[in-house]
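Here the structure comes first, spelled out in structure tokens, and everything after it is commentary.
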Amino acid sequence: MKAQPQASHFIDGEYVEDTDGTVIESIYPATGEVIARLHAATPAIVEMAIASAKRAQKEWASWSPAARGRVLKKAAEIMRERNRELSELETLDTGKPIQETIVADPTSGADSFEFFGGIIATAMNGSQIPLGGDWAYTKRVPLGVVVGIGAWNYPQQIACWKGAPALAAGNAMVFKPSEVTPLGALKIAEILIEAGAPKGVYNVIQGDRETGPLLVSHPDVAKVSLTGSVPTGRKVAGAAASQLKHVTMELGGKSPLVVFDDADIDSAISGAMLGNFYSTGQVCSNGTRVFVQKAIKETFLSRLKARTEAIVIGDPQDEATQMGPMVSLSQRDKVMSYIDKGKAEGATLVTGGGIPNSITGEGFYIQPTVFADVTDDMTIAREEIFGPVMCVLDFDDEAEVIERANATEFGLSAGVFTADFSRAHRVVDQLEAGTLWINTYNLCPVEIPFGGSKQSGFGRENSAAALEHYSELKTVYVGMGKCEAPY
Ligand code: NAD
């Protein structure tokens with residue numbers, strides 16, 4: 001199997017190689033096979049990408065918003081036409097089953113280009129402020145060259161969720177995908193050129209934790225948007241703050257999902273499974289602490305166990321497969337060590353906890369796992385695992401569960417399942433999180449803002465709110481008379 005791109009980087013409208021960069025191997029997680037070899041950007045490549053973006057941005061920002069929007073909408077159209085091909089590539093890059101990538105990855109990227117391409121014609125309007133004889137007006141202006149740094153769980157989606165609002169607002173972007181999943185973003189860069197974007201408006205360079213800082217600290221970069229872990233977020237935000245750059249931080253979580261005893265149990269189980277097992281549990285907003293009210297605990301667990309054991313695990317390229325491998329061997333090892341801690345600290349293993357019996361090859365598979373009787377102090381209830389491991393905790397009443405749900409440094413997401421709508425709104429109002437769901441989980445259409453609070457980050461992606469994070473206000477005071485001075 002091969003997925004070798006023409007070259008490692010896409011700069012100024014074309015593929016570029018510099019073999020002096022450290023080798024990055026792209027590994028297909030279902031077999032452990034190396035499917036492509038790329039190179040991390042050298043300092044010369046970083047300079048080339050930023051210089052190209054700087055040149056291109058001036059021209060791009062001078063286009064009318066509607067003209068920029070047309071390019072983005074065309075890119076969305078091309079992505080939809082190539083959905084199968086892009087989804088197959090995403091499956092190779094991440095190991096996620098084609099059943100998922102075909103509905104969730106390039107399509108959500110296309111949604112983003114379509115949405116921002118559509119709203120930008122009016123979304124950048126400023127205001128006019130009467131001041132008696134004088135008056136003022138405001139303009140919303142792009143920041144300039146912005147950097148996007150991606151995680152490995154949704155490579156194409158992240159490349160688009162950052163690129164679409166950034167480009168719509170008139171910025172140029174240099175995007176660095178995760179070194180674990182280097183392939184998809186290159187295709188997004190190609191498609192934007194095909195859709196009519198000027199060369200250099202969206203450049204992609206490869207690299208790892210050594211390359212990221214070169215981008216973040218570059219004096220020509222006005223803003224950094226990172227999707228990654230909290231420790232990386234602290235480093236990137238710190239480096240950006242030292243030069244007073246704008247930042248958006250989409251970081252990790254340990255989100256609570258609260259199931260009250262009046263909830264539709266099967267629907268709540270669906271929410272908990274979606275919020276723990278989709279993408280083999282590698283989703284930042286997952287509701288990994290499932291608080292279940294005591295009266296329904298046994299029913300909830302027995303139905304959850306049966307449904308979890310029926311999940312079809314296997315070859316991600318088979319349309320029938322519902323769960324693929326983890327993205328990498330190191331990620332699987334990390335998740336296995338959390339499972340061991342869960343057992344050692346006294347949680348009850350309801351199902352899973354090992355490598356699926358049906359798997360014989362070298363892929364990084366793991367069983368979907370459910371722990372019950374998890375207590376707040378256990379490591380598996382406190383730390384982000386980022387794998388298919390659901391922790392079920394019991395609770396007695398509303399006040400107690402709100403306090404326990406909030407007792408975490410994270411604040412990305414939260415969910416509530418209940419038939420009582422007053423309670424639903426009362427509870428979500430008190431949960432400390434940026435994105436919350438009532439009677440569903442993990443749905444993130446482009447129309448709604450997405451992002452975290454507390455240590456899960458700041459800034460928002462998607463919706464018109466994202467444009468505020470890729471632009472700033474310029475205020476112009478217009479004096480209509482003679483300028484008076486007391487001197
Ligand atoms: P990571 O923090 O290890 O890496 C993220 C990216 O940052 C990579 O591209 C990496 O090369 C780069 N990087 C690392 N150190 C850097 C530095 N010092 N300066 C600049 N760049 C640097 O995260 P990961 O393992 O790729 O992804 C998993 C994490 O991402 C999880 O914590 C998950 O919750 C989080 N995540 C958050 C969201 C969200 O929207 N909130 C979405 C997906 C994933």
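Cβ from N, Cα, C; glycine included.
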- prompt: Looking at TrEMBL, which one out of ASP12, ASP93, ASP105 binds K(+) 1 in the same site as SER26, ILE27?
  reply: ASP93
Message: Need one residue: from GLY118, GLY252, GLY352, GLY353, the one TrEMBL lists with GLY150, ALA151, TRP152, LYS176, PRO177, SER178, GLU179, CYS284, GLU384 for NAD(+).
response: GLY252
Message: I want the residues beyond SER26, ILE27, ASP93 whose C-beta is within 8 angstroms of the mean position of the K(+) 1 site's C-beta atoms, in chain order.
response: ALA3, GLU25, TYR28, PRO29, VAL34, ILE35, ALA36, LEU92, THR94, VAL180, THR181, PRO182, LEU183
- prompt: Of ASP93, GLU250, LYS454, which recorded positions come close to ligand 1, meaning Cβ under 6 Å from one of its atoms?
  reply: GLU250
Message: Give me the count of other Cβ atoms within 10 A of the Cβ belonging to GLU250 (active site).
response: 29
Task: Sort out the sequence-distant neighbours of LYS454 (K(+) 2 binding site) for me: same chain, 6+ apart, CB within less than 8 Å of its CB, listed by position.
output: THR408, GLU409, PHE410, GLY411, GLU432
Message: I'd like the number of other C-beta atoms within 10 A of the C-beta of PRO177 (NAD(+) binding site), please.
response: 27
- line: Taking only the CA atoms, the spacing between CYS284 (active site, nucleophile) and PRO177 (NAD(+) binding site), expressed in whole angstrom, is 16
